[in-house]
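Data first, discussion second: the structure below is written as structure tokens.
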There are 2 protein chains.
Amino acid sequence: MNPYLKHDEWCIIEEGFVPENTRASESIFSIGNGAMGQRANFEEKFTGSTLQGSYIGGVYYPDKTRVGWWKNGYPEYFAKVINSTNWIGINVIVNGDELDLAKCKVDEFRRVLNMKEGYLERSFIAEMENGIKLAVKSTRFLSMVDTELGAIRYSVKPLNADATIELRPYLDADVRNEDSNYGEKFWEVVDTSCTPKISYIVSRTKKLDFHVGHAMRNFIALNGNIEHIQPEVNSSAMYVENIFKVEAKAGDEVTLYKYAAVISSLNHEKGSFPKVLDKLIDVAVSKGFDKMLQEQSDAWADIWKHSDITIEGDVAAQQGIRFNIFQLSQTYTGKDERLNIGPKGFTGEKYGGSTYWDTEAYCLPFYMVTHGQKVARQLLLYRYKQLDKAIENAQKLGFTGGAALYPMVTMNGEECHNEWEITFEEIHRNGAIAFAIYNYVRYTDDKSYLVHFGLEVLIAIARFWAQRVNFSQEKGKYVMLGVTGPNEYENNVNNNWYTSTIACWCMEYAEETINYVKSADPAKYKELAEAIKFDEAKEVEKWRDIRNNMFFPFDEKLGIFLQQEGYMDKEQILVKDLDPEERPLNQKWSWDRILRSCFIKQADVLQGLYFLEDRYDTETIKRNFDFYEARTVHESSLSPCVHSVLASRIGNVDKAYELYLRTARLDLDDYNREVKEGLHITSMAGTWISIVEGFGGMRVRNGMLTFNPLIPDKWKSYSFKVWFRENILKIVVSSTQITIFNESESSLTIKVYGVEHKVPGSSSINVPVQKQLF
Amino acid sequence: MNPYLKHDEWCIIEEGFVPENTRASESIFSIGNGAMGQRANFEEKFTGSTLQGSYIGGVYYPDKTRVGWWKNGYPEYFAKVINSTNWIGINVIVNGDELDLAKCKVDEFRRVLNMKEGYLERSFIAEMENGIKLAVKSTRFLSMVDTELGAIRYSVKPLNADATIELRPYLDADVRNEDSNYGEKFWEVVDTSCTPKISYIVSRTKKLDFHVGHAMRNFIALNGNIEHIQPEVNSSAMYVENIFKVEAKAGDEVTLYKYAAVISSLNHEKGSFPKVLDKLIDVAVSKGFDKMLQEQSDAWADIWKHSDITIEGDVAAQQGIRFNIFQLSQTYTGKDERLNIGPKGFTGEKYGGSTYWDTEAYCLPFYMVTHGQKVARQLLLYRYKQLDKAIENAQKLGFTGGAALYPMVTMNGEECHNEWEITFEEIHRNGAIAFAIYNYVRYTDDKSYLVHFGLEVLIAIARFWAQRVNFSQEKGKYVMLGVTGPNEYENNVNNNWYTSTIACWCMEYAEETINYVKSADPAKYKELAEAIKFDEAKEVEKWRDIRNNMFFPFDEKLGIFLQQEGYMDKEQILVKDLDPEERPLNQKWSWDRILRSCFIKQADVLQGLYFLEDRYDTETIKRNFDFYEARTVHESSLSPCVHSVLASRIGNVDKAYELYLRTARLDLDDYNREVKEGLHITSMAGTWISIVEGFGGMRVRNGMLTFNPLIPDKWKSYSFKVWFRENILKIVVSSTQITIFNESESSLTIKVYGVEHKVPGSSSINVPVQKQLF
């Protein structure tokens with residue numbers, strides 16, 4: 001842990017300059033707008049440790065795969081969202097010496113991420129080696145309104161002497177990725193222009209020919225008044241800069257306004273870049289910094305209106321959950337169905353910035369409930385559009401007849417992961433993708449999605465499962481051999497309960513959906529069945545046969561589902577009996593030892609009980625929870641939330657709270673000393689789930705919202721927002737009472753603790769908190 | 001397949017220049033002398049496709065590991081024997097134009113590897129672009145007598161015109177490895193000297209500071225008479241050359257003698273290199289080329305005397321087996337216990353040139369029987385000296401108390417392999433290392449080895465197994481979870497029969513050896529027990545408990561040992577029912593599909609029946625053979641030999657012959673179109689085993705050599721040599737009769753078909769071949 005940030009309800013605040021924390025802060029203070037994002041690098045030169053990073057959604061590079069020993073079926077490349085042109089840079093030269101915080105005495109350093117209004121602010125006083133004391137303040141944001149624009153206001157004030165101040169805003173396309181597999185650079189420049197008015201660089205990726213264009217226009221103000229100074233210009237092959245020289249008196253404030261436009265060939269014709277950039281810069285300049293910032297603030301107010309969670313009585317928790325909502329909301333906005341949510345969003349390079357099953361299993365509920373049906377539907381369409389690639393992916397592994405295996409990691413639908421035990425075996429991801437469709441339809445009642453998109457995906461997934469099992473003569477049952485469940489501390493196991501369960505569920509839901517579509521839109525059904533050569537009678541019969549004769553490992557004595565066949569052959573030790581010195585296991589133990597142990601990285605059987613909760617009674621959930629929680633080390637950031645929800649489900653609020661705490665401030669307090677690599681964006685959704693589905697006990701059953709709220713002892717109250725179909729609700733839970741505000745005009749009937757309540761439009765109801773539910 | 005070589009009993013012959021075969025021939029015509037070796041690269045410049053390679057035993061580079069996703073316990077580097085200074089190079093310039101076979105019309109190209117006498121010869125007529133026709137002939141060898149010397153005789157004869165011939169012999173230290181993980185070069189030069197007399201380069205590896213020194217001295221002869229010409233000299237940072245210019249008349253033969261010395265810091269003080277090189281070159285010059293070549297021939301005659309196998313009636317088979325014996329004999333001579341046998345020997349870069357379990361499981365029998373006890377003992381000592389590293393290796397994985405896990409791949413004892421399923425799980429290698437000790441002592445009766453070296457290794461290995469199992473409460477038995485057996489088409493399985501069997505055998509043999517050493521040398525035993533803190537009572541008791549309560553998967557219905565628990569859950573398909581288009585599976589199927597199939601890459605259960613044959617009756621071996629052979633695709637070059645021996649064991653000579661054919665000419669006929677990467681050196685020993693232990697049925701039982709010969713229908717007769725303790729035997733098997741020559745003076749009692757025969761010194765006995773043995 002490294003809890004160096006100040007607690008505050010709406011802001012993330014760093015006070016004092018500690019160079020060792022630079023990379024961590026670069027991650028934590030990241031800003032984005034769904035279309036692009038960047039780490040909180042300094043504008044001025046910094047020769048200390050830094051990971052410079054500025055990323056554009058959907059612009060990626062197929063970096064040649066790095067493996068020890070090639071296996072047939074491995075992908076040729078690992079797609080990564082790559083660091084692109086650095087457009088925030090402003091070199092500051094004072095009396096000929098360059099400002100560099102690694103070489104100054106730094107005082108009053110303060111960095112603030114204003115989450116309420118969506119901007120990053122930084123101020124400090126630097127005493128330079130030449131004796132000049134300089135007060136600097138910068139404000140920066142990526143516009144949520146004009147998503148191809150960013151703006152910086154950067155002020156410099158010599159405090160102790162007159163000084164010649166040079167400000168050199170630049171664009172630098174000669175950037176690298178620290179995680180490039182073979183140390184290659186990914187960009188080459190196509191076109192540059194550098195004029196006192198507008199400067200730009202157009203560059204292209206060396207593979208795939210993505211073009212990106214970055215433009216800037218800069219203005220100088222002295223003590224608040226714009227000075228019409230023509231900058232000098234300077235450029236080289238991959239670099240353009242403007243040079244402003246100002247003779248400042250001590251106490252004068254010299255301010256640079258830097259407006260930047262960032263575009264890519266995803267959205268614009270390659271030939272049109274200069275024109276488009278020009279227009280965009282005009283938009284920024286005509287609005288001006290203050291108006292843009294006001295619009296930013298308004299846009300964020302709108303986001304918070306649907307998504308805020310408050311926690312009364314615990315500022316750290318309040319800050320933590322808002323940080324998570326803020327980061328999720330600036331990573332993905334649902335405006336572009338080609339984009340998705342990488343595990344680190346736009347905050348680092350690790351994991352390639354691609355799409356994992358995290359999206360469906362963790363992120364979808366968050367976006368669906370807080371950002372509305374349209375945004376959730378975009379996430380589903382992303383996979384629908386990649387169905388052909390998922391079928392290709394399955395073909396590469398030997399599957400036929402339209403079976404689809406969605407990739408473990410992807411950018412464009414093709415598999416990128418290159419470990420056989422994950423790539424080929426962690427196939428339960430297919431289940432999450434089907435479940436997301438179910439989850440979406442259950443929540444939104446948007447059954448038309450099934451007709452036009454969902455069914456095709458569901459059939460392709462069911463086809464995969466039907467081929468992936470085989471009939472064991474030995475057992476007289478269908479078995480699923482060689483899989484890796486969600487618990488990646490087991491690899492290549494047989495009959496993983498979760499995978500087999502979700503596989504059977506997929507086949508069942510596919511059949512149910514076939515029946516629905518057949519009756520709702522017979523023509524559409526016929527058209528699809530023909531297009532995909534679907535032999536309904538034969539295929540559905542096979543699915544039923546598999547479901548009815550599937551082998552599920554079960555321990556009769558303990559009455560628990562077994563994570564996989566043979567799990568009980570392992571030495572059974574409990575997490576509580578582990579020497580704390582040996583944890584986290586993934587840092588202290590060899591992989592061999594981890595694999596052979598009974599310890600579980602993340603929810604596996606419990607993931608199934610979470611997804612398919614309604615099928616299991618409380619006693620079953622409790623038995624399995626008690627057994628597996630005692631063996632789970634939660635060394636995935638995705639794990640505690642599922643356990644937390646189930647702990648709430650069985651009424652164990654203390655356990656639920658303990659588990660909630662493990663993710664809520666994971667990044668802010670840097671639990672694993674790794675936040676410098678980027679934020680755990682996708683698992684932030686898990687924290688939200690722990691509150692809303694966990695403590696709040698929110699479910700949708702038979703089309704109706706239901707709540708079973710609990711409240712942790714430490715909290716005075718908490719509230720969350722729910723955007724359910726036509727209504728916006730605010731649920732406030734105190735230690736005694738639940739208040740449900742209906743912020744919409746139409747009334748809504750919900751259930752609280754199993755009892756129906758009608759909440760009229762624009763009003764609220766109160767229900768007392770129940771203490772003993774279970 | 002690509003069978004382009006001419007059949008001949010003693011030579012490998014290539015006729016005609018086919019550029020596409022260059023890399024393959026470079027591998028096949030490789031020469032070595034145990035201390036160093038090289039691919040059969042051309043001396044003159046060649047701009048066609050080539051893999052230049054010259055390797056020095058024991059000089060390696062720790063190349064940074066390349067993996068996709070790091071796992072705790074992975075080694076930091078992969079050690080590879082690296083390409084070092086190219087000392088064979090001779091640039092040939094005729095009338096100012098450089099000879100380059102890629103740019104000439106080439107006639108009468110002929111390359112011969114003379115295996116009887118141990119040299120490489122090449123001749124051709126090149127019509128150069130400038131119209132000169134040139135007859136070229138080269139002869140090259142690495143001395144088996146002076147193992148730091150090599151020599152080349154290189155003759156050039158202009159045929160159709162007078163010509164100015166420049167011969168530029170050089171040393172070039174600026175070499176690279178094609179398989180460098182990150183494209184790095186490994187060498188830097190320490191010292192060079194270039195004089196008309198002697199020239200040398202001393203270079204060092206960038207890591208580990210290995211020094212190597214290469215020197216050359218060159219002489220020119222015109223039409224057979226040495227000309228005392230002073231060469232010009234020329235050098236650059238990593239390169240030295242001599243330049244001889246001769247005005248030749250048409251028909252004149254200009255011959256260059258190039259003597260080279262190659263030394264390393266393994267054998268010489270770094271400071272002494274220039275002096276040592278000087279002395280070595282003097283030795284070469286004073287002997288002269290012809291004498292050195294004669295000594296080479298004599299040395300090889302001596303090797304063949306102990307190791308030759310003849311096959312009458314099948315020239316291809318004769319050539320094949322001699323090629324295998326030749327390559328094995330020039331890869332490892334047993335002179336240096338620090339060296340070992342890499343899977344590709346000195347013939348290519350793949351697999352890093354390191355030591356695998358191939359050495360103990362396959363190569364030891366060959367060297368032990370054909371090269372004698374001393375050589376075999378060196379192979380055992382190699383592992384003994386690396387015991388500390390094997391203990392360290394086990395510690396890294398979490399084992400304690402002196403448990404040793406020998407590495408899967410190594411150069412200096414440290415693990416180099418970087419796939420978890422192999423590195424951490426293919427632990428049966430430990431069993432092969434113990435078995436080699438048993439095998440050696442059984443054959444040689446050198447029990448003193450146990451006292452001084454063997455026991456310490458055996459205890460450390462037994463300790464490993466005792467910790468590697470765990471007691472399953474579920475089964476009430478010890479289990480061995482998460483292993484990979486010899487069949488690498490299964491990974492991370494539970495209770496692999498072979499691994500569990502060899503583990504128990506190791507614990508048993510360790511106990512037996514403890515008892516032997518205790519009685520043979522109590523003081524030595526006590527000293528060892530104290531040194532390694534051996535608690536005999538407790539530890540041996542534990543080993544017994546494990547052996548007595550180990551779980552072994554067994555199929556009652558079929559009466560076969562199961563390769564692993566759950567093997568019968570797989571879909572049972574036979575190799576004969578596979579579409580030939582789908583083979584080899586490792587090229588046609590995804591890894592996923594291979595893993596889930598029942599198909600077996602290489603002997604697994606059968607490896608155990610081969611090692612521990614005496615424990616199983618013929619019916620048991622037959623049942624298991626029939627079951628597993630039907631499911632084995634033999635996609636490892638190490639597989640068919642074990643099956644072949646067992647097929648002979650159960651009297652199935654046709655099957656044994658079919659399996660024998662799969663390895664005998666694997667490289668010569670380039671079955672898998674991959675010989676260009678190097679030869680399958682270690683599996684060559686398997687071919688030898690198939691004949692001697694398979695057809696010949698040779699075993700040692702109760703200290704006595706026994707034979708149960710069979711002969712394939714296609715052969716008229718075959719013979720092999722056996723160096724057993726004090727005696728050299730030659731066993732000749734025809735279709736009717738077995739003749740056993742005792743080439744030593746002392747008599748020896750052996751068994752043939754279970755009947756004892758005394759073979760007097762320097763004489764022979766005859767026994768009729770039995771047709772029905774089983």
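The backbone N, Cα and C atoms fix where each Cβ goes, and this holds for glycine too.
Feature list (source: TrEMBL):
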type	residues	note
DOMAIN	B:13-265	domain 'Glycoside hydrolase family 65 N-terminal'
DOMAIN	B:322-688	domain 'Glycoside hydrolase family 65 central catalytic'
BINDING	B:Trp357, B:Asp358, B:Lys601, B:Gln602	substrate binding site
ACT_SITE	B:Glu488	active site, proton donor
DOMAIN	B:698-758	domain 'Glycoside hydrolase family 65 C-terminal'
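Features as recorded by TrEMBL, highlighted on the structure.
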{"residue": "B:Trp357", "record": "substrate binding site", "contacts (Cβ under 8 Å, 6+ apart)": "B:Tyr406, B:Met408, B:His428, B:Arg429, B:Ala432, B:Ile433"}
{"residue": "B:Asp358", "record": "substrate binding site", "contacts (Cβ under 8 Å, 6+ apart)": "B:Ile341, B:Pro343, B:Leu638, B:Thr682, B:Ser683, B:Ala685"}
{"residue": "B:Glu488", "record": "active site, proton donor", "contacts (Cβ under 8 Å, 6+ apart)": "B:Ile422, B:Glu426, B:Lys601, B:Gln602, B:Ser636"}
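Listed in chain order, the extra residues whose Cβ falls within 8 Å of the Cβ center of the substrate site residues B:Trp357, B:Asp358, B:Lys601, B:Gln602 are B:Tyr356, B:Ala361, B:Pro486, B:Glu488, B:Ser636, B:Leu638, B:Ser639. According to DSSP, B:Gln602 (substrate binding site) is assigned to coil rather than to any helix or strand. Residue counts for the domain 'Glycoside hydrolase family 65 C-terminal' (B:698-758) under DSSP (helix as H, G, I; strand as E, B; rest coil) come to 0 helix, 38 strand, 23 coil.
In the structure as shown, the Cβ atom of B:Gln602 (substrate binding site) sits within 10 Å of 23 other Cβ atoms.
DSSP assigns B:Trp357 (substrate binding site) to coil in the three-state reduction, placing it in neither a helix nor a strand. Mean model confidence for the domain 'Glycoside hydrolase family 65 C-terminal' (B:698-758) is a pLDDT of 97. All protein chains shown were included, and the count of other CB atoms within 10 Å of the CB of B:Lys601 (substrate binding site) stands at 22.
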